[in-house]
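S.K.: Please read through the structure below; I'll follow up with questions.
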Amino acid sequence: MTDRLPHEKGFHVSWDQMHRDARALAWRLDGKGPDNGAWKAVVGITRGGLVPAMIVARELDIRVVDSISVKSYHSGGGKADQRREAQVIKAPQADVMGDGTGILIVDDLVDSGKTLELIRGLYPKAHFACVYAKPEGEKQADTYITSVSQDTWIFFPWDMALQYVQPFRGAD
Ligand SMILES: O=P(O)(O)OC[C@H]1O[C@H](OP(=O)(O)OP(=O)(O)O)[C@H](O)[C@@H]1O
Ligand SMILES: [Mg+2]
């Protein structure tokens with residue numbers, strides 16, 4: 001049972017497309033850090049952000065990589081339109097983070113923006129980068145690659161598996 005809101009459309013992202021889009025994000029971020037263009041560290045937002053974070057760190061040769069663990073949950077009584085809230089359950093290394101200056105905080109997507117808003121409150125000077133962004137949360141992302149409509153659910157490769165589908169015309 002998925003806790004996602006009813007969405008009309010699905011955007012199915014393969015491993016290959018995630019890799020290509022995360023690489024594009026890395027190249028967009030290259031040379032944009034505050035220290036002569038360099039970035040101090042990459043922090044992935046668990047769990048979905050760990051994949052693009054690794055690709056960005058590899059492409060930009062950033063060797064300090066940490067994570068911030070965020071758990072999203074619904075407040076309210078089980079209705080589909082409940083508000084999503086988020087809480088930090090594991091913080092990255094404090095002496096690396098500071099106020100976020102020079103830190104690239106990476107996620108797979110921004111939807112409502114709640115997750116990024118929460119983390120931005122902790123590290124206001126960090127740079128927030130996502131691979132995909134929906135309109136509601138777009139303003140929370142400093143950099144993103146692809147905009148996806150609000151009524152689309154993004155299916156990530158780690159949430160899918162290859163499987164058989166019936167032929168268009170069944171055997172008669
Ligand atoms: O902009 P928001 O409305 O906050 O939604 C975006 C967040 O939701 C998803 O994570 P989720 O909380 O589903 O956990 P996961 O990354 O561990 O799968 C996604 O990976 C983002 O982190
Ligand atoms: Mg996530």
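Here, residue 1 is simply the first one shown, and the rest follow in order.
Note that Cβ sites are derived from N, Cα and C of the backbone, with glycine treated the same way.
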S.K.: To which of R84, R169 does TrEMBL also attribute binding of GMP at the site defined by D111, S112, G113, K114, T115, W153, I154?
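M.R.: Answer, per TrEMBL (GMP site with D111, S112, G113, K114, T115, W153, I154), from R84, R169: R84.
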S.K.: Rank the binding-site residues V110, I154 by how many other Cβ atoms lie within 10 Å of each Cβ and give me the one with the fewest.
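M.R.: Lowest Cβ count within 10 Å among the binding-site residues (V110, I154) is I154.
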S.K.: Can you check how the pLDDT averages out over the domain 'Phosphoribosyltransferase' (14-164)?
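M.R.: On average, pLDDT over the domain 'Phosphoribosyltransferase' (14-164) sits at 94.
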S.K.: Which has the fewest other CB atoms in a 10 Å radius around its CB: R47, R84, the listed binding-site residues?
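M.R.: Comparing Cβ neighbours within 10 Å for the binding-site residues R47, R84, R47 has the fewest.
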S.K.: Whose Cβ, among the binding-site residues D108, D111, S112, G113, T115, has more other Cβ atoms within 10 Å than any of the rest?
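M.R.: When each Cβ's neighbours within 10 Å are tallied, T115 tops the list.
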S.K.: Measure from the CA atom of R47 (5-phospho-alpha-D-ribose 1-diphosphate binding site) to the CA atom of T115 (GMP binding site) and give the result in Å, rounded to a whole number.
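M.R.: Distance (Cα to Cα, whole Å): 12 Å.
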S.K.: Using the alpha carbons only, what distance in Å do you get between K114 (5-phospho-alpha-D-ribose 1-diphosphate binding site) and I154 (GMP binding site) once rounded?
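M.R.: Between the Cα atoms of K114 (5-phospho-alpha-D-ribose 1-diphosphate binding site) and I154 (GMP binding site), the distance comes to 17 Å.
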